[in-house]
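Here's what TrEMBL has on this protein:
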- GLU138: active site (ACT_SITE)
- CYS95, HIS137, HIS141: Fe cation binding site (BINDING)
Amino acid sequence: MKLQIVEYPDKRLRQKSQEVKVFDEKLHELLDAMHPFMIETNGIGLAAIQVAHPIRALVINLPDEEGEQHPENLLEIINPVIVSKAGETTYQEGCLSVPQFYEDVKRHDMITINYQDREGNTKTLDADGLLAIAIQHEMDHLEGILFIDHLSYARRKKFEKEYKRMQKERKKSK
Ligand SMILES: CC(=O)Oc1ccc(/C=C/C(=O)NCCc2ccccc2)cc1OC(C)=O
Ligand SMILES: [Co+2]
């Protein structure tokens, strides 16, 4: 299955993703394609809508202390629901759909989510630190929300200016 990143300001990123009801071979094919694609594009988190599949599925593969991403750390999270949240933390986030732009975003420091795995089994996960940040960032994608939507007005203006200039650069270099 050939995947391609949908990039801001593509309207498709603003769709609300649909709940996954059937945990079939087609779903597994998509998940099996999303993981290597994310690794190849240097991502640590990817929501299905970013590869034009507006379903409530996301993958996360955090790097270890050496910055290595190991397949055993791969998380496949489907139909996630936050059941508890606490604390506050700020991190400079990036997103494969908003290339070359990084900005501080405030998130909850600890969250507990209920979700389903690729077979549809219900699971619970307590997350803190970078994992909690990644889950919140990817769950925003399921609502059509991008990390740049959390920026202050001034920062968002700065982003829009920079992004337009960068897009022009990329068109010229293509
Ligand atoms: C040039 C460019 O676009 O750089 C990138 C930007 C973002 C990313 C990946 C971002 C990513 O995986 N975000 C997942 C959500 C997340 C954000 C912050 C903390 C946890 C989880 C990859 C990039 O590609 C390269 C080559 O570095
Ligand atoms: Co993202």
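Using N, Cα and C of the backbone, Cβ positions are placed for all residues, glycine too.
TrEMBL entries are annotated by machine, without manual review.
Note: the CA-CA distance between GLU138 (active site) and CYS95 (Fe cation binding site) rounds to 9 Å.
Same-chain residues that are not part of CYS95, HIS137, HIS141 yet have a Cβ within 8 Å of the Cβ center of the Fe cation site turn out to be GLY45, ALA47, GLN50, GLU93, SER97, GLU138, ASP140, LEU146, PHE147.
For HIS137 (Fe cation binding site), applying a Cβ distance below 8 Å and a minimum sequence separation of six or more within one chain yields GLY45, GLU93, CYS95, VAL105, ARG107, PHE147. Less than 8 angstroms from the CB of HIS141 (Fe cation binding site) sit LEU13, SER17, ALA47, ILE49, GLN50, LEU58, SER97, each of them six or more residues away in the same chain.
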